[in-house]
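Features of the protein shown, as given by TrEMBL:
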- 12-42: transmembrane segment (TRANSMEM)
- 49-69: transmembrane segment (TRANSMEM)
- 89-107: transmembrane segment (TRANSMEM)
- 116-145: transmembrane segment (TRANSMEM)
- 157-174: transmembrane segment (TRANSMEM)
- 181-205: transmembrane segment (TRANSMEM)
- 217-234: transmembrane segment (TRANSMEM)
């Protein structure tokens, strides 16, 4: 728990000093560390394709770092607010709000328990706004510590409110997804959707790709696709827990003949015996 808290604080600081198009894809490195630690500490076998997935994540991360855009740090919360209220980002916010409401009110009651994209769509859409708000809050904290207080600005507290609402919503639906679907499927799909939407939101709001040529942008996208591919490979090759087979009841007749039938299977759940 302590190391997780330290990691999240470091991730928060990273968003202050680096563009989201660089920080968010590099989150896949935590998957590599987890896989390696699980291999040595938990004795989980890392298969050959899992090693290939790890190498793909590393290669893609290196490509992203090499071609990452330079970060332009705003000088005040008011400047961040101007970026957040530009027409292009307002259109993005309206689209996000519309999609989230549609998923919550229409698609979740009907398809939430059968389609993984419903829950993870809500998480990823809200998550992109979470990152933008967290980045604004981090910059406000840094400026305040440098002696330029941002506490009195109402925009600071608006960003805090948006971040809290988005984080709560995001965690709620992520837990629903994990309760309903296999974690080995949830993790790569969520990573792909969340990272893609965050990159789009950051590119619109902070204009991360402004001033970069087409070849550099394509290289960054190729690096992201490589990381994404490695993540999918790594999760798809995880060892599955062995599923216990159903038992059978054997009846012996006349001492030398046997009749095996499947009947009266007993399921033990929550200390209750249910006869099927």
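Just so it is clear, glycine is given a Cβ too, placed from its N, Cα and C backbone atoms.
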- request: Quick one: find which recorded stretch in 49-69, 157-174, 217-234 has the most Cβ pairs under 8 Å with the transmembrane segment (181-205).
  value: 217-234
- prompt: the transmembrane segment (157-174): which same-chain residues, six or more beyond its ends, come within Cβ distance under 8 Å?
  reply: 77, 80, 119-120, 122-123, 126-127, 129-130, 133-134, 136-137, 140, 186, 190
